[in-house]
């Protein structure tokens, strides 16, 4: 289903010869058929942000986007003025096809950093995608396939609201870290909302979803999350419900990224409670999520709490006040660290499930936060030692 | 040679049955025979600091240490009051043997976090080490072997000054990150220096050596660097020369840690020039050193500059002002990134040497800094997925 679940959207995914992988769909097009064209976007904070990010950030500033073209097989990052002109030319081609202004076309790219795209293939692919546009579930699925790189499966979401719908897709598997996670995501809704409403909902949703996952601590140059509203349902949603549903869509997509993290054999949920503030809880959770040693231990099915507390111990007291002698750690429900020292034996922990729950209680306050990460496996090293396309 | 290179020191390394590895020397003793007993120490900033760190930090405050006992096979970290009493009992035993006060005995431990030591073995081992004390090169070598954990080789340094000597040993291979690097180090000198002089020299030296290496971004609970001065040479060194020599000793030991990083197949030197401040250069260097993606690429002999600049791009402009369009990156002397974009072809880079040089010019100022890291290999994952002792 993906982006076509919401009314007023058509999509396509085609093979345009951009990716080095023969036979892979590598170009997606998502068109908002209206009546509205409200749009919101959140982008990478990386200072080497890619040409398509620069283009899209600039054209979305007015709150209007008619279509998004996305390619895998090349990030068009660190490509200078020539790269920017490629994004611009791509937008111009889609604008011609749809008979709208180039400034209404968002562009996203993902793949290897530092190389220009095969522009002729992109432009020809845009034509093929335009010809294939449809509002079927299959067309949405094609789009979600076309944006995959090291992803092993497409990631989509469909949520039914009170008279309106939200659909979405995301790609991302490696180079995933706040802020943002490394990925491209397009979320669509047929609710009647303004660009301002969409932006507020998206910012809040991203903060508790894509910004709380970390596969490998590496932040991309191309991250983009777009929320497009067609208004095709004719329904003006309750603002709180709409915000909650956008948050739910983002959380689902973020969780799917972790579920498909490069080489991962365990999805790890790290919940920090008893913190003096959400920021304190987040800082502790992120420190644990960033520990290569812990992530290796989990891949070896070892609930090594020493590597958990030594990670928490790197967070400055000014950021997260707590007393090391009062910290407890449960892994999959077994309290293996009590009062900062050994608790129940780690052999009691069942590490067979793919999902591992690490629950840390700082016993210092009432705030809490949850972050997600993956384990670090041989396969991650293999993928990233050999990945070139 | 190790710690016995400087006059006035004797040492021993014995098998005390602490380590799970049969036949491994696991207890070292280093004794300062005077006439001076000036001492300086630098310790982990981890808030879950181990019992021996708490003990040694407290007893070294007066600037006097007569001996250091070090064990591998157990970190005695996160072991609460019982762990602290083990460190204290160990110091008391060594003090009895040497007929000095327990408050003159430093204690260091390394190994698994969260378990108490087999204290009887430690105390019996202290007696055996005392009986084996000698000032020979072999005795120094034994001590440097006894502190190894996942280290594959002992790491020592010997430097000849103007009438005096500096010797040292270090252990450390994984859980290595600023601040400090994860390790135990004992450096000895027969120069006539005060504890204050020693502390100043050690702090400055650590700042540019152990605090600029990063194997895996993980900070330990047990890091300790001690500098002991016997005064046995009778020579009062030129202060600047002494500082430089201590820095040289620390730099050599730190470099050896990188050379023996867990599973590493490449030692990576990251030099950042053209920064507006040393802190800016360091922040950029450390961001690159922390990139799992880059470290995997290097293990696959791929000089992936996209992963270098995307790491630099995560450093906030407030910390390191620079213009992304002016950054250059050379790998092993080939400028593969020019003005923030592609430069010469990456295939021109010879990646066969173990040592890889990444030279980043921010073109924003005159400050520079160098940090070292290792690549991320299958072997690192193997060691840390299976390590339990």
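Backbone N, Cα and C define each Cβ position, glycine as well.
Listed in TrEMBL:
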- A:182: active site, nucleophile (ACT_SITE)
- A:149, A:171, A:182, A:262, A:384, A:389: substrate binding site (BINDING)
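On the structure: features taken from TrEMBL.
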residue : record                 : DSSP class
A:149   : substrate binding site : coil
A:171   : substrate binding site : strand
A:262   : substrate binding site : coil
A:384   : substrate binding site : helix
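Using a cut-off of under 8 A between C-beta atoms, the binding-site residues A:149, A:171, A:262, A:384 that neighbour chain B are A:384.
Using a 10 Å radius centred on the Cβ of residue A:149 (substrate binding site) and all shown protein chains, the other Cβ atoms total 26.
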